[in-house]
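**Student:** My questions will all concern the structure given below.
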Ligand code: HEM
């Protein structure tokens with residue numbers, strides 16, 4: 001028998017948790033049974049909207065240790081002072097499936113990191129891939145619709161996916177990564193992470209640099225074979241969640257070494273590829289990786305819904321010394337995350353414990369009220385500015401360095417439309433085995449779509465990247481079709 005006493009949410013003793021109040025032994029139930037009503041009513045409201053993308057994921061807490069002072073490139077406090085330790089949170093996820101979707105279905109994987117810095121929260125919301133499928137935010141809803149479920153059948157559809165990809169040539173680089181063995185990570189701790197976009201760092205002198213983030217796993221990259229990934233979907237649909245949770249409980253802490261590529265400001269503007277186009281990488285020969293620190297996850301959240309489901313990671317969580325770049329896709333993201341979080345979690349989502357800045361960080365705004373105000377709501381403090389009441393004033397540590405921009409407004413196509421050189425180069429460095437895994441994976445999916453026009457378009461794109469790439473896919477699709485005819 002437990003010493004803990006059951007109560008209602010208002011603290012009244014909850015007398016009977018098995019039998020409703022009824023008129024007589026055989027019912028009916030009485031409306032006066034407010035304890036029954038509270039229990040059912042709360043249950044009826046348990047579900048909140050799942051994330052519109054990256055719905056299935058897992059999170060953990062840890063810390064980041066700076067092993068190399070970065071003050072030459074950025075004044076960001078957590079990156080200044082070798083040895084500095086910053087508390088962190090991370091959430092890893094798949095993209096297209098819903099909250100209960102099997103972890104080992106082929107997908108890109110989210111790699112979202114939060115740093116609880118002295119200047120407020122800084123989030124790097126990246127993926128386990130250095131590039132993305134599209135480079136204009138206007139296409140994101142269309143892209144995601146093609147990956148989710150068909151309107152009539154409610155089924156996921158290879159036809160929709162390839163219809164979008166074959167007619168969006170900018171997707172080829174990411175498609176080439178997705179259909180390689182990297183589409184099936186063994187577990188979250190065994191995948192690399194990338195910030196993907198180019199961001200800007202600014203140092204205390206006001207000098208600006210373009211930066212790309214890389215996180216290399218200290219456990220070695222490990223992927224599942226397509227057969228093992230499929231078998232795991234039946235055996236343990238929550239395999240990634242299990243694997244990471246258990247590893248942390250057992251003290252085998254997932255960790256990554258953080259690196260950056262630093263690109264001088266002017267050089268970046270004139271680089272051979274558009275560094276603000278997230279479908280492209282920047283060569284590590286041109287800008288080698290510089291080691292920055294260690295990112296370690298060493299404890300599991302105490303409550304999944306509170307700490308992981310309600311986590312609101314956002315590319316718009318920036319701190320002094322780190323700024324956005326003109327990357328069009330990133331600019332769309334700067335709006336979208338906080339917008340969806342206001343819808344998904346409510347206007348006061350930043351007050352949820354996992355989203356609050358760390359203890360001691362000053363939070364002082366003129367924002368007030370809204371559903372679920374659970375902090376002191378500013379008490380009796382002044383609610384407008386300017387004022388003579390001692391309200392908070394601007395903090396110019398938050399000033400941005402800014403960029404020169406010019407040109408005529410317009411709906412411009414991408415500035416650099418070479419979408420095949422980099423996937424071609426990636427294909428050529430793959431081993432024979434990797435080329436086979438990639439082209440078989442594509443053929444198994446593309447080979448079953450209804451539109452021959454889309455098959456031809458995609459194969460032509462692959463041939464443009466590398467003739468052998470397109471030819472292998474073409475031959476494998478022909479073999480699949482021949483076998484099906486028999
Ligand atoms: C215009 C392009 C994009 C838009 C509009 C967009 C939008 C969104 C939205 C609305 C969410 C749900 C957020 C939430 O409910 O908390 C989300 C989650 C996420 N997105 Fe994007 N996204 C875009 C591109 C990208 C790119 C390029 C990356 C990676 C480089 C990325 C990585 C992620 C990750 C990791 C999450 C899950 C965050 C978490 O774990 O809570 N997204 N995205």
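The first residue you see is number 1, and the count goes up from there.
Every residue, even glycine, has its Cβ placed from backbone N, Cα and C.
According to TrEMBL, the protein carries these features:
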COMPBIAS  8-20  compositional bias 'Polar residues'
DOMAIN    7-393  domain 'Catalase core'
REGION    1-21  region 'Disordered'
**Student:** Based on DSSP, tally up the residues of the region 'Disordered' (1-21) by helix, strand and coil.
**Tutor:** 0 helix, 2 strand, 19 coil
**Student:** For the compositional bias 'Polar residues' (8-20), what are the same-chain contacts with Cβ under 8 Å, counting residues 6+ beyond its ends?
**Tutor:** 29-30, 33-36, 38, 42
**Student:** Could you please provide the mean pLDDT value for the domain 'Catalase core' (7-393)?
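**Tutor:** Mean pLDDT across the domain 'Catalase core' (7-393) comes out at 98.
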